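Asker: Pasting in a structure now, in structure tokens, and then I'll have a few things to ask.
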Amino acid sequence: MQEPAITPEVIENHGLKPDEYDLILEIIGREPTFTELGIFSAMWNEHCSYKSSKKWLRTLPTSGPQVICGPGENAGIVDIGDGDAVVFKMESHNHPSYIEPYQGAATGVGGILRDVFTMGARPIASMNSLSFGEPAHHKTRQLVNGVVEGVGGYGNCFGVPCVGGEVRFHPAYNGNCLVNAFAAGLVKTDMIFYSAASGVGMPVVYLGAKTGRDGVGGATMASAEFDDTIEEKRPTVQVGDPFTEKRLMEATLELMQTGAVISIQDMGAAGLTCSAVEMGDKGGLGVRLDLEKVPQREENMTAYEMMLSESQERMLMVLKPELEAEAKAVFEKWDLDFAIVGETIAEDRFLIMHNGEVKADLPLSKLSSSAPEYDRPWIEVEAPAALTDADVPTIDPIDGLKALISSPNYAGKQWVYEQYDTTVMGDTARRPGLGGGMVRVHGTDKKLAFTSDVTPRYVKANPVEGGKQAVAEAYRNLCAVGAKPLATTDNLNFGNPEKPEIMGQFVGALKGIGEAVSALDMPIVSGNVSLYNETDGQAILPTPTIGAVGLVAAGEEPILGEARDGHVLLLVGETIGHLGQSALLHEVFNREDGDAPAVDLEIEKRNGEFIRNNRDFIKACTDISDGGLALAAFELAEAAGVGVQIDASDTPTLFGEDQARYLVACNFDQAEALMIAAGQAGVPLETVGKFTGDTVKMGGSEATLEELSQIFRTSFAEAVA
């Protein structure tokens with residue numbers, strides 16, 4: 001079959017700029033074949049090369065005494081003691097989920113799970129951070145239902161508990177939803193596997209499901225803006241099979257026990273191309289592939305299609321040749337394909353053969369580590385003016401609370417997480433619903449806590465403070481359950497980086513994130529960048545999602561209790577009443593003005609340590625973020641089924657979103673001891689109310705807990721289900 005001619009239109013359709021194509025001509029000294037053009041397109045797009053973000057990603061703190069493996073591998077790895085490690089990462093599947101919600105979300109879950117078990121870890125927890133357009137938008141309901149069903153359909157069948165996440169709505173996501181999937185797994189520190197190939201002449205083995213035409217060009221599609229041709233992109237969305245993935249995991253983990261694996265890589269974005277190139281490049285080797293040996297489920301597939309297919313549930317491995325028979329037997333037992341499709345070579349070449357013909361012969365290193373890198377122009381985002389006294393609204397406290405909990409942004413998300421299996425594997429210690437999730441480390445007394453956080457309104461208004469706040473809120477959510485924060489993964493979702501104002505958001509957010517993870521000892525060990533989240537020139541809110549992991553060590557107790565009638569309600573931290581960019585302004589007054597709240601990282605660290613160090617006095621705890629004191633107190637009361645009385649009455653005190661604050665419930669006879677401890681630690685602590693009865697009282701306003709709970713538990717489904 002004759003390959004298509006290389007024309008300017010073909011080059012543009014592959015997402016390559018004219019200067020990038022000129023660079024290809026310079027590198028290889030000739031016109032590329034169609035297959036070679038596809039390979040360059042896949043490896044040089046934003047999704048695989050990070051060409052617009054790499055400069056700034058290097059500024060992030062990624063190391064620490066607890067870090068075993070930082071960015072650059074399939075996932076990050078952190079030591080949790082006793083020969084155990086946690087492996088985790090967050091990654092986006094935004095563009096596919098907007099085009100085909102169910103499969104886009106499902107394969108996003110599948111991809112992140114493969115990243116974890118490729119390292120030798122058994123997945124133990126998942127989360128997802130979802131962003132959709134306004135509820136009334138004509139696509140939102142379809143997207144919400146499809147994405148949630150896809151996340152649940154894949155994760156439930158695979159058998160990993162969903163322990164947390166977030167769901168938000170904003171008109172800026174009308175044209176681009178965000179689906180950020182997180183997974184974590186456990187591995188013994190002496191059984192970690194990496195992707196760098198080693199040894200010349202070693203067999204390159206294809207593992208898992210067969211290759212089809214689904215997902216061809218998916219990575220390139222994920223690196224471009226949307227326009228009115230979006231429906232034509234549907235064939236670029238992958239199709240997942242969670243039962244095959246489950247078998248692939250079991251076979252892979254069993255294979256690793258044999259000692260046959262030299263290196264291993266999952267096939268994700270750009271499929272066979274990216275996995276082979278990354279393995280070779282990290283090992284300083286070349287790779288030769290014979291495509292007629294690739295297991296195929298469709299007839300007459302071309303070299304181009306096989307190299308760029310993103311069919312799911314596939315892996316690539318470099319194998320010890322003397323253990324081939326043993327390795328093959330493992331995969332045959334699990335009814336999965338096992339095929340030697342090539343070998344490592346000494347030369348820096350990526351050589352692709354198909355039926356005896358050379359389809360690609362390229363310098364391998366130029367496809368990966370030497371790919372183009374841009375220093376995009378950027379404009380520093382000028383923070384808006386702070387609210388003046390005249391700008392600050394007032395509202396009846398209960399009316400304000402009702403407005404918040406009737407919005408799908410702040411209503412209970414039961415409709416979402418009840419579709420997910422949250423307890424499979426039997427180690428879930430805290431299910432989704434309030435703050436961080438938690439799982440027990442099986443066979444030990446240790447527990448791992450997980451959270452996912454970002455407030456995009458803050459990041460748009462003030463990227464530096466918004467970036468800090470995303471990390472700080474993750475830190476607080478871990479401290480609030482008694483876990484010591486260990487490390488983070490970032491999922492950086494932004495618009496078109498070729499626009500200086502968008503690049504300015506990115507640069508500012510990374511500056512804030514970097515400062516925060518350094519100050520709070522939470523290095524970034526893995527992550528993902530998703531750019532070009534725009535439709536017809538309209539960008540999403542900048543959404544740098546932070547996933548974080550914390551540890552409750554053996555011998556420590558987590559803070560997982562509930563408030564009880566008679567408990568005192570105490571507020572940790574200083575209240576100023578900052579309403580700029582607040583949930584109240586947005587949901588009630590349709591305003592997004594004022595600056596984002598300032599984040600003092602020293603105070604964040606001090607207050608978080610105070611919570612962890614005084615866990616014996618604390619019966620229940622939550623951090624204060626969106627919705628301020630009022631929403632946090634209601635959520636504690638609603639979770640416990642007991643009323644709450646709050647002494648404050650003014651709007652800024654009740655709904656302000658000052659940072660570094662927590663609400664804690666404690667016994668009346670222990671409140672004084674907690675006050676003394678706070679004084680010794682230099683931490684502001686004040687009594688702001690008590691848990692009692694069956695009503696929620698704020699100032700002179702009140703409503704029954706039953707009425708408010710009904711609103712809280714039904715509003716989400718009524719809006720979007």
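Using N, Cα and C of the backbone, Cβ positions are placed for all residues, glycine too.
According to Swiss-Prot, the active site annotation covers His47, on the basis of sequence analysis. The feature ATP binding site is assigned by Swiss-Prot to Tyr50, Lys89, Asp490, Gly527, with sequence analysis given as support. Look at Swiss-Prot and you will find Glu91, Asn528 tagged as Mg(2+) 1 binding site. Per Swiss-Prot, the feature substrate binding site maps to Ser92, His93, Asn94, His95, Arg114, Gln238, Glu310, Ser311, Gln312, Ser530. What Swiss-Prot records for His93 is active site, proton acceptor, and it gives sequence analysis as the kind of evidence. The Mg(2+) 2 binding site annotation in Swiss-Prot covers Asp115, Asp266.
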Asker: For a quick check of understanding: given the listed ATP-binding residues Tyr50, Lys89, Asp490, Gly527, what is the maximum Cα-Cα distance in angstrom, as an integer?
Answerer: 17
Asker: Could you check what DSSP calls the residue listed as 'active site' once collapsed to helix, strand or coil?
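Answerer: Where the residue listed as 'active site' sits, the three-state DSSP reduction gives helix.
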Asker: Sorry to bug you, but what's the C-alpha spacing from Glu91 (Mg(2+) 1 binding site) to Gly527 (ATP binding site), rounded to the closest Å?
Answerer: 6
Asker: Taking the residues Ser92, His93, Asn94, His95, Arg114, Gln238, Glu310, Ser311, Gln312, Ser530 listed for substrate, what is the greatest CA to CA distance in Å, to the nearest whole number?
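Answerer: Maximum Cα-Cα distance: 20 Å.
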Asker: Other residues near the ATP site, CB within 8 A of the CB centroid of Tyr50, Lys89, Asp490, Gly527?
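Answerer: What remains near the Cβ centre is Leu57, Pro71, Met90, Glu91, Thr489, Asn491, Leu492, Ile524, Ser526, Asn528, Val529.
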Asker: What does the structure give for the C-alpha distance between His93 (active site, proton acceptor) and Asn528 (Mg(2+) 1 binding site)? Integer Å is fine.
Answerer: 10
Asker: To the nearest whole angstrom, what is the C-alpha distance linking Asp115 (Mg(2+) 2 binding site) and Lys89 (ATP binding site)?
Answerer: 8
Asker: Quick one: pull the CA-CA distance for Gln312 (substrate binding site) versus Asp266 (Mg(2+) 2 binding site), whole Å only.
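Answerer: Asp266 (Mg(2+) 2 binding site) has its Cα 9 Å from the Cα of Gln312 (substrate binding site).
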Asker: Looking only at C-alpha atoms, tell me how far Asn528 (Mg(2+) 1 binding site) is from Ser92 (substrate binding site), rounded to the nearest Å.
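Answerer: Distance between the two Cα atoms comes out at 7 Å.
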Asker: Relative to the Cβ of Glu91 (Mg(2+) 1 binding site), which residues of the same chain, six or more apart in sequence, are found under 8 Å away?
Answerer: Gly108, Gly111, Ile112, Asp115, Asn180, Ala181, Asn491, Asn528
Asker: What does the structure give for the C-alpha distance between Lys89 (ATP binding site) and Arg114 (substrate binding site)? Integer Å is fine.
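Answerer: About 11 Å separate the Cα atoms of these two residues.
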Asker: Of all the recorded positions given, His47, Lys89, His93, Arg114, which residue's CB has the most CB neighbours within 10 A?
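Answerer: Going through His47, Lys89, His93, Arg114 one by one, the largest Cβ count within 10 Å is at His93.
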Asker: In the three-state scheme derived from DSSP, which category covers Glu91 (Mg(2+) 1 binding site)?
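Answerer: Going by the DSSP assignment, Glu91 (Mg(2+) 1 binding site) falls within a strand, counted as strand.
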Asker: What is the separation, in Å, between the Cα atoms of Asn94 (substrate binding site) and Tyr50 (ATP binding site)?
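Answerer: Each residue's Cα considered, Asn94 (substrate binding site) and Tyr50 (ATP binding site) end up 16 Å apart.
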